[in-house]
Amino acid sequence: MAEVRDAEFLNLHDVEACARDVLDPATFAFLAGGAGDEVTLRRNRAAFERCRLVPRVLVDVGAATTATTVLGRPAAMPVVVAPMGIQRAVHPEGECATARAAAAGGTTLCLSNISTCAPADVAAAGGPWWQQLYSWRDHGLTRGVVEQAEACGAEAIVLTVDSGVVPRRERALRAGFAFPDTLEVPVCGGRTPADLHVQVDVTLSWSTFERIAGLTRLPLVLKGILSPADAALACEHGVAGIVVSNHGGRQLDGTPAPLEVLAAVVEAVAGRAEVLLDSGVRRGTDVLAALALGARAVMVGRPVIYALAAAGEAGVARVLELLRAEIEQGLTLLGCTSPDDVGQEHVLIGATW
Ligand code: FNR
C-alpha cells in the first residue's frame, strides 16, 4: 500500500486537492461537479457551516467511544461509505480497495449498482456491505442485482429513488468527460456504464417499490428522500432505513441541503426506521450535527473516491480514520460519551440561528 503522509492530507477537504493532482481534468470534473448551477452542491456545505453545536461541560467523557450500530449491526463509527459508481476509472483496484479499507475501519460499505468490481470480490474484503440498486427498465436486470447481492452476503438493499433521469452535469460535459467504454459493470452482466445510463427507469413508483421489495428478504433502505411526506410513506411501506440525500448535489439543483430537512424527516419517521444523511459531510463536527438532528449515521461520498484516486486502499483507510478521530474529538468536546448521547440540546438550527 502506498504511504500516505500527513502533510498530503490532514483532513477530508485536503484530499480533494490530492485527487485533482493525480486525475485527468475530465474525470476530476465528473467526481467533483454537481447539477445545474451547483447551487445545491454549495448549499450542502453551507448548511453544515451555519449549524451551531452547543457543548455541555463538566461531563466525564474519559471513556468516549465512536462505536454505534447501524441497521442493528455494530459499527466503529456512525459512518457508511456512500455508493459511488465506476471506481476503477480512478484506481485499478476500484471498489475492492474501498471495500478492504472500509472493512479494516469497521465501516459498512454501500456498493454502487454501477460498481466496476464484482460483488463476490467486494464481499471477499470481509466487512459488512449493502447493495445499492437502481430500478432498471429491464426488470430482469434489477432482479439479477438483488439475487447476486443476496448470494454474496449483502446485508441490505439500498434503492436510490432520486435518479429517474441523470441530469446534464455541465462541469463534466465542459471538461469533456465520457464514461470509459473499457469498463464493465459485472453485476449487470458486463454492460458498460454508458449502456446503463439509458436503462434507468423513469417510471419508478411505489408499485415499483412493492415489486422490488417482493424480490428480497433483506432490509430495504430508500436513498434520496428529502420530503417528510415521502419519509412517512416509506415507513408505511416497511423500509428499514431512509437516506436523506440530494445525491451530493448531482441530481435536482435547487433542493434543500439534507441537514435543513433532517429534523422534519426524523419527526415524520417517528422511530419506525433508521434515518441516515449524506451530501456534504466532510468533518467529524458535520457528523455530530446530523446525529443531533436525529440521524443514526451519515454516508460519505466524494472524499472516499478522491482518496481512492490519490492513494488507493491506504488513502481510503486514512480518510476513514481521520473522520473517526474527528468524531471522537468532537464527542469529547461536546460533552458526550457516545453517538447515542448526541441530541437536540447540542444543536441550534433554523429559526434560532
Ligand atoms: C455518486 N452517488 C451515487 N449514488 C448512488 O446511489 N449510486 C451511485 O452509483 C452513485 N454514484 C456516484 C458517483 C460519484 C462519482 C459521486 C460523487 C456520487 C451519490 C453518493 O452516493 C452520495 O449520495 C453523495 O456522493 C454524497 O455527497 P458527498 O459526500 O459526495 O458530498
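Just so it is clear, glycine is given a Cβ too, placed from its N, Cα and C backbone atoms.
As written in TrEMBL, here are the features:
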type: DOMAIN; residues: 4-352; note: domain 'FMN hydroxy acid dehydrogenase'
type: BINDING; residues: PRO83, MET84, GLY85, SER112, THR160, LYS223, SER245, ASP278, SER279, GLY280, VAL281, ARG282, GLY301, ARG302; note: FMN binding site
type: BINDING; residues: GLN132, TYR134, ARG169, HIS247, ARG250; note: glyoxylate binding site
type: ACT_SITE; residues: HIS247; note: active site, proton acceptor
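Mean pLDDT, taken over the domain 'FMN hydroxy acid dehydrogenase' (4-352), works out to 96 on the 0 to 100 scale. Across the structure, SER245 (FMN binding site) and TYR134 (glyoxylate binding site) place their CA atoms 15 angstrom apart.
SER279 (FMN binding site) has its Cα within 10 Å of the Cα of these binding-site residues: HIS247, taken from GLN132, TYR134, ARG169, HIS247. In the three-state DSSP reading, ARG169 (glyoxylate binding site) counts as coil. In sequence order, THR160, ASP162, SER163, GLY224, SER279 are the residues near HIS247 (glyoxylate binding site), counting only same-chain partners six or more apart with C-beta under 8 A.
Note: GLY301 (FMN binding site) has non-local neighbours ALA82, MET84, GLY248, ASP278, SER279, i.e. same-chain residues 6+ apart with C-beta under 8 A of its own C-beta.
Put simply, GLY85 (FMN binding site) is 13 Å from ARG250 (glyoxylate binding site) when counted between their Cα atoms. Nearest in space to GLN132 (glyoxylate binding site), taking C-alpha to C-alpha distance over the binding-site residues PRO83, GLY85, VAL281, is PRO83.
Using Cα positions, the member of the binding-site residues PRO83, GLY85, VAL281 nearest to ARG169 (glyoxylate binding site) is identified as GLY85. On a Cα basis, TYR134 (glyoxylate binding site) lies 12 Å away from GLY85 (FMN binding site). Ranking the binding-site residues PRO83, GLN132, SER245, ARG250, VAL281 by C-beta neighbours within 10 Å puts VAL281 at the top. Whole-number maximum of the Cα to Cα distances across the glyoxylate-binding residues GLN132, TYR134, ARG169, HIS247, ARG250: 22 angstrom. Residues PRO83, MET84, GLY85, SER112, THR160, LYS223, SER245, ASP278, SER279, GLY280, VAL281, ARG282, GLY301, ARG302, recorded as binding FMN, reach a greatest CA to CA spacing of 22 Å.
Counting only the Cα atoms, the space from TYR134 (glyoxylate binding site) to PRO83 (FMN binding site) is about 11 angstrom.
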